[in-house]
Amino acid sequence: MAEVNIIYVTVFILKGITNRPELQAPCFGVFLVIYLVTVLGNLGLITLIKIDTRLHTPMYYFLSHLAFVDLCYSSAITPKMMVNFVVERNTIPFHACATQLGCFLTFMITECFLLASMAYDCYVAICSPLHYSTLMSRRVCIQLVAVPYIYSFLVALFHTVITFRLTYCGPNLINHFYCDDLPFLALSCSDTHMKEILIFAFAGFDMISSSSIVLTSYIFIIAAILRIRSTQGQHKAISTCGSHMVTVTIFYGTLIFMYLQPKSNHSLDTDKMASVFYTVVIPMLNPLIYSLRNKEVKDASKKALDKGCENLQILTFLKIRKLY
């Protein structure tokens, strides 16, 4: 019997967003600016919530974790994507690819359920304001944040281990700008049918369960707002959860576009464009949405800037006085 030599793949090549050389430099510049805004915006929001005691409430506790998750899953994707714009060969080692996939899945799933936790917080704030402090106690808030992190980590670990226990002995070109499950499975020389079923089963459960919590919460919220007689009261209720509504619409709208479009229109290139939006653009938009639409965040930002300017003036005065 003749021996068959099988060469196992240990390094993969990321196809990236574009292969056109004239677009590499402009794309690098655009994504560098977006990533810097993402880092500064989310770190700034986390710091602001930490230092301003007026923002030490359940809503901003969830928001600080949302900013952390946005920062993490953007950082899992964007830096490597930018490197690929300036190098000739966009390679990524086997274990680095596994790490990127695991981190991305962890933080993306966490975001889904954090948005659900925030929707529940809005529901309690508007529909049961008298019982808010009891229903949203510190212990409950910690649980509503800890459960998404733990569940997401376990699901991501499960998927990553199964994906990277498959055999890869053929082509090593991934038709994506990061290591995602479906484009990665296309390269495997093992039977991936069961793995594909698991992907859609878990993705379906995560999206349906988290979006159902969000949708149910907002049905009750809208019903409660419509029962408020004064226009001022309605505006106040809407402003409480307005930023969250915008964030939820953008995030779930993108995921629905990716997973619920007709199969005839579905392609990996379409997925790449949608992936750019929810891995790169949304993490940049979230802190801007909450900063521009939320009066308390704007007031806290103004207070922090005024204090910073005041400290700078005092420091400058002391330096000038020391010189003379």
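Cβ from N, Cα, C; glycine included.
Lifted from Swiss-Prot, the feature list:
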- Cys97-Cys189: disulfide bond (DISULFID)
- Asn265: N-linked glycosylation site (CARBOHYD)
- 1-25: topological domain 'Extracellular' (TOPO_DOM)
- 47-54: topological domain 'Cytoplasmic' (TOPO_DOM)
- 76-99: topological domain 'Extracellular' (TOPO_DOM)
- 121-139: topological domain 'Cytoplasmic' (TOPO_DOM)
- 161-196: topological domain 'Extracellular' (TOPO_DOM)
- 218-237: topological domain 'Cytoplasmic' (TOPO_DOM)
- 259-271: topological domain 'Extracellular' (TOPO_DOM)
- 293-324: topological domain 'Cytoplasmic' (TOPO_DOM)
- 26-46: transmembrane segment (TRANSMEM)
- 55-75: transmembrane segment (TRANSMEM)
- 100-120: transmembrane segment (TRANSMEM)
- 140-160: transmembrane segment (TRANSMEM)
- 197-217: transmembrane segment (TRANSMEM)
- 238-258: transmembrane segment (TRANSMEM)
- 272-292: transmembrane segment (TRANSMEM)
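When pLDDT values are averaged over the topological domain 'Cytoplasmic' (121-139), the model yields 91. Cys97 (disulfide bond) falls within a helix when secondary structure is assigned with DSSP. Helix, strand and coil counts from DSSP across the topological domain 'Cytoplasmic' (218-237) read 17 helix, 0 strand, 3 coil. Only pairs six or more apart in sequence are counted, and the transmembrane segment (238-258) with the transmembrane segment (100-120) gives three or more Cβ pairs under 8 Å, enough to call it a contact. The transmembrane segment (197-217) is in contact with the transmembrane segment (100-120), judged by 3+ CB-CB distances under 8 Å for residue pairs 6 or more apart in sequence. The stretch in closest packing with the transmembrane segment (26-46), judged by the count of Cβ pairs under 8 Å and taken from 100-120, 140-160, 272-292, is 272-292.
Break the topological domain 'Cytoplasmic' (121-139) down by DSSP state and the numbers are 16 helix, 0 strand, 3 coil. Cβ atoms under 8 Å from those of the topological domain 'Cytoplasmic' (121-139) belong to residues 58-59, 62, 217-218, 220-221, 224-225, 237, 240-241, 244 of the same chain, restricted to positions at least 6 beyond its ends.
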